[in-house]
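Lifted from Swiss-Prot, the feature list:
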ACT_SITE  H107  active site
BINDING   F24, G25, S26, Q27, R47, S50, S52, D82, Q83, Y84, Q85, G133  NADP(+) binding site
BINDING   D190, E194  Mg(2+) 1 binding site
BINDING   D190, E226, E230  Mg(2+) 2 binding site
BINDING   S251  substrate binding site
DOMAIN    1-181  domain 'KARI N-terminal Rossmann'
DOMAIN    182-327  domain 'KARI C-terminal knotted'
Amino acid sequence: MNAYYEQDADLKYLQGKNIAVLGFGSQGHAHALNLKESGLNVCVGLRPDSSSCEKARENGLEVNTIADAVAWADIVMVLLPDQYQKSIYESEIKPNLKEGNTLAFAHGFNIHYNQIVPPGTVNVIMIAPKSPGHLVRRTYTQGNGVPCLIAVHQDYTGEARQQALAWAKGLGGTKAGVIETTFKNETETDLFGEQAVLCGGSAELIKAGFETLVEAGYPEELAYFECMHELKLIVDLYYEGGLSRMNYSVSDTAEYGGMTRGPRVITSDVKAEMKKILEEVQDGRFAKEFIDECNAGYPNMKKLRESNADHPIEKVGAKLRDMMSWLLKK
């Protein structure tokens with residue numbers, strides 16, 4: 001995959017245009033502020049009763065309702081939660097889109113699964129920073145940026161790709177590198193990674209390890225330290241230099257034990273189940289399940305949240321984290 005940098009992008013494709021950023025959460029505040037400080041004309045679209053209205057104004061941004069922001073804008077970036085985008089699109093975005101506008105997203109879920117079907121007379125693009133919003137913002141203020149993905153779903157004006165690259169440049173992304181992909185590939189890999197590894201697989205691995213030690217008679221505190229707390233040390237090594245950096249940094253005992261026992265935990269059966277999870281993402285079964293869950297008021301999700309909150313690892317973890325002065329208390 002090719003990477004694009006500063007010389008490959010030109011802010012002229014956004015200059016002189018009205019840009020609306022819908023939402024002012026983690027990504028929304030970073031996009032709006034970075035683009036504004038890149039010299040672009042930005043407003044934020046929010047519900048009138050949103051607690052973020054005051055925050056956005058305190059940061060020197062103009063705030064409008066979502067409908068008014070879209071009506072004013074040439075380019076609209078939708079940075080709202082996936083489950084709310086369809087209804088807001090139908091009621092406030094779609095009626096105010098104009099021919100030649102650009103509709104932008106930071107995640108492809110609603111476009112890829114046809115929850116949102118824009119008219120053929122607009123550009124549809126994606127700019128997805130591969131970092132949380134606070135890091136997008138911080139690196140920009142330091143004169144750097146984070147890697148970004150871009151994609152073009154629909155190019156009505158002939159400038160969709162240039163606009164996506166320009167947006168990434170306005171975020172600071174072209175200083176790190178920008179990779180072009182598709183809505184399909186971004187959506188499916190993102191969902192799979194969340195479910196099988198990052199949020200689902202890792203959480204279940206942690207709980208299973210904790211339970212194994214506790215059921216064998218070891219103190220919960222030791223089980224927490226070994227299966228939850230110390231995971232950050234290992235993940236940071238992965239993050240900084242991959243698997244080889246981790247293996248180089250740990251003891252020979254840990255390296256040998258990990259290489260010989262790890263495959264007994266993540267077996268061919270586990271990988272087969274991962275493939276099934278990927279198939280559910282690819283064929284839309286997961287998307288339908290999630291949308292149905294949202295429409296029903298999250299009955300299953302509420303039960304799962306309660307179950308996780310009641311797990312013993314959460315109780316002992318809260319107690320041990322109170323001993324850690326370096327952690328921010330919330």
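The backbone N, Cα and C atoms fix where each Cβ goes, glycine too.
Sequence features, as recorded in Swiss-Prot, placed on the structure.
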residue: S26; record: NADP(+) binding site; Cβ contacts under 8 Å, 6 or more apart: P132, G133, H134
residue: R47; record: NADP(+) binding site; Cβ contacts under 8 Å, 6 or more apart: T65, I66
residue: S52; record: NADP(+) binding site; Cβ contacts under 8 Å, 6 or more apart: G23, F24, G25, G28, V44, L46
residue: Q83; record: NADP(+) binding site; Cβ contacts under 8 Å, 6 or more apart: F290, I291, C294
residue: Q85; record: NADP(+) binding site; Cβ contacts under 8 Å, 6 or more apart: V78, F109, N110, Q115, I116
residue: H107; record: active site; Cβ contacts under 8 Å, 6 or more apart: D82, M126, A128, E186, T187, D190
residue: E226; record: Mg(2+) 2 binding site; Cβ contacts under 8 Å, 6 or more apart: G209, L213
residue: E230; record: Mg(2+) 2 binding site; Cβ contacts under 8 Å, 6 or more apart: none
residue: S251; record: substrate binding site; Cβ contacts under 8 Å, 6 or more apart: none
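Note: E194 (Mg(2+) 1 binding site) has non-local neighbours G200, i.e. same-chain residues 6+ apart with C-beta under 8 A of its own C-beta. Taking DSSP states H, G and I as helix and E and B as strand, the domain 'KARI C-terminal knotted' (182-327) has 121 helix, 0 strand, 25 coil. Fewest other C-beta atoms within 10 Å: among the binding-site residues F24, D190, that description fits D190. The secondary structure of Q83 (NADP(+) binding site), as reduced to three states from DSSP, is helical. Residues listed for NADP(+), F24, G25, S26, Q27, R47, S50, S52, D82, Q83, Y84, Q85, G133, cover a largest CA to CA span of 20 Å. Taken together, the residues in the domain 'KARI C-terminal knotted' (182-327) have a mean pLDDT of 97 on the 0 to 100 scale.
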